[in-house]
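*Asks:* Can you keep this structure in mind? I'll have questions shortly.
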Amino acid sequence: MEKNGTVHTGTVRQSLGLSLAALGVVYGDIGTSPLYAMRECFHGTHPHPATPDNVLGVLSLIVWALILIVSLKYLVFVLRADNRGEGGILALTALLNPWGDENRPPRKVLVFLGLFGAALLYGDGTLTPAISVLSAIEGLKIATPLFHPYIVPITVVILILLFLIQHRGTARVGALFGPVMVLWFTVLALLGIRGIMMAPEVLGALNPLHAVLFFVRDGWSGFQVLGAVFLVVTGGEALYADMGHFGRLPIRLAWFCCVLPALLLNYFGQGALLLSDPSEATEPFYHLAPPWALYPLVLLATLATIIASQAVISGVFSLTRQAIQLRLSPRMRIVQTSSEEIGQIYIPAVNWALMLATITLVAGFGSSSGLAAAYGVAVATTMVITALLVRFVMLERWHWHPLAVAGLTVVFLTVDLAFFGANILKVGAGGWIPLAAGLAVFTVMITWRRGRELVTTHLLAQATPLPSFLEELAAKPPQRVPGTAVFMSGRLFPAPPTLIHHLEHNKVLHEQVVILTVLTEDIPRVSASERIELKRLGQGFYRLIVRYGFMQSPNVPVILRECEPLGLVTDPETTTFYLGRETLIPTEKVSGMPHWREKLFAFMSRNSLQATAFYNLPPDRVVELGQQVEI
């Protein structure tokens with residue numbers, strides 16, 4: 001089976017094993033939506049009376065949202081748009097756009113859309129753990145009102161513990177995620193069947209005519225309820241983002257064989273319950289269960305929401321690494337938490353920021369209904385952006401007929417924009433929070449990338465071409481000392497400023513000089529056979545270019561060891577690494593970007609992870625040479 005290819009093939013057993021694993025990672029978010037989605041339609045920000053017509057109409061909307069958005073749009077079409085097996089909106093943006101063309105309209109618009117869509121996922125990353133765990137714990141107040149004052153404190157404690165153990169990784173307990181979610185979806189289905197038996201006529205909601213009549217009858221108020229209906233598909237983007245871990249086939253198998261049937265049965269069961277007793281709209285999910293099963297159900301729901309939250313947190317870690325490697329974010333400390341699974345990482349700065357934001361949301365809103373008012377805006381926006389980007393993939397990568405592309409795009413955007421419009425109505429009720437978070441992250445991304453461009457432009461203007469430098473060196477050879485010097489350079493062609501400064505000040509050079517450039521390609525992974533490009537320049541100089549994918553982390557000492565068969569032999573004890581360290585001076589004289597963004601870039605640059613740690617260099621073998629740069 002090809003682990004990172006566009007199509008995962010293999011035995012039925014392997015596919016089923018990956019499908020089981022996908023249940024524990026991919027479907028946690030969408031799988032826990034029954035806890036609150038139906039309730040919000042009839043007892044939320046824009047509540048509707050639970051009349052039979054309204055119940056059948058809303059249920060029909062839920063059914064067809066799952067079919068059109070998740071089953072058709074994502075499972076059939078969007079999952080085809082992989083970047084060498086990897087999914088997610090940043091991978092999709094990288095697939096569409098070689099960064100060198102980003103200034104060509106409409107390419108620049110696509111880049112900005114992709115970056116904004118990725119930034120919005122950070123807002124979703126704070127809301128999903130908050131609303132999921134809180135909605136699970138709220139089941140306790142149904143058992144007894146005595147628990148009501150403790151719902152928020154219990155939720156906060158669980159979330160704090162969840163974030164505190166992130167540094168340990170999920171290698172040991174991750175194997176349990178799949179079986180727990182299988183049990184969860186089984187319980188969803190059984191509860192749904194129990195509810196359907198109360199009012200079998202609820203199955204009539206399969207007819208989309210009920211959804212149409214609901215809009216005809218309710219008009220504007222019917223449109224408003226779409227914001228609550230959308231909660232059933234908020235995990236749709238996760239299917240695409242996690243494609244690289246499992247492949248298309250296992251994700252599709254898990255959806256059509258397990259997740260979709262369980263969700264439909266449970267939503268039908270909740271609908272049947274409301275047909276039988278409209279007063280149960282306050283908590284239709286938990287009221288499906290018999291009284292004796294309430295406490296076990298709360299425990300299982302809590303485990304399922306913790307697993308869903310873990311998947312979202314891990315997804316934010318992965319997204320951050322992609323952003324760092326694509327030079328959209330300052331360098332941060334990335335910890336590998338598993339020696340076997342390269343995708344299992346931990347980023348402390350992101351973890352603590354998520355924890356603070358999530359706990360603040362739980363304490364501030366105090367209920368999952370309050371959070372539901374803020375939930376969905378970011379995801380709805382991202383889904384619209386994904387639909388637009390996939391349109392260009394259909395045309396430019398798949399070369400589909402323009403009429404077919406236009407037809408599919410119209411269908412997808414009609415549905416997505418309807419949900420987007422309904423969710424925009426939530427902005428005043430808290431929906432501004434994920435939008436503000438996304439805008440802040442987007443500002444960081446574009447400021448960091450633009451700032452690095454300005455620094456590069458400044459340094460290139462003062463740079464000496466490498467051939468000219470080598471000619472001058474041959475004419476006036478300096479004294480050479482034993483050992484190897486590795487000069488890190490972010491640019492391919494000129495001589496590194498650190499090399500020139502070192503030679504000017506110290507008047508000596510090592511016997512071996514390696515000019516090393518680490519490049520990040522617009523693909524998830526670069527194979528070992530394509531990673532290293534080594535060229536002898538003469539006079540003991542080597543030009544070493546190393547390529548990584550945006551899902552990989554660079555390790556320079558390992559690269560140097562891998563260069564030995566190519567003729568570059570280095571001794572770690574006599575190798576010195578020379579790094580440039582720019583001191584940025586924001587100034588209004590250089591009109592690169594607004595002054596406030598220059599100050600923001602300078603602040604981020606000062607506080608980013610040192611190159612020594614990012615490239616895994618031995619600290620006692622590193623020399624840093626400073627340079628002032630006006631931006």
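If you go along the chain as it appears here, the first residue is 1 and each next one adds 1.
Even glycines carry a Cβ here, placed using N, Cα and C.
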*Asks:* Which range is it, out of 196-216, 427-447, that shows up in Swiss-Prot as transmembrane segment?
*Replies:* 427-447
*Asks:* Do any residues of this chain, six or more beyond the ends of the transmembrane segment (255-275), have a C-beta under 8 angstroms from a C-beta of it, and if so which?
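*Replies:* Residues 19, 23, 27, 30-31, 33-34, 37-38, 42, 50, 52, 55-56, 58-59, 62-63, 66, 70-71, 75, 182, 185-186, 188-189, 191-203, 205, 232, 239, 281, 284-285, 287-288.
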*Asks:* Does the transmembrane segment (288-308) reach the transmembrane segment (370-390), going by 3 or more CB pairs under 8 Å (6 or more apart in sequence)?
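*Replies:* No; fewer than 3 Cβ pairs under 8 Å.
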*Asks:* Can at least 3 Cβ pairs under 8 A be found between the transmembrane segment (109-129) and the transmembrane segment (173-193), with each pair 6 or more apart in sequence?
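*Replies:* Counting Cβ pairs under 8 Å (6 or more apart in sequence), the transmembrane segment (109-129) does not reach the transmembrane segment (173-193), since there are fewer than 3.
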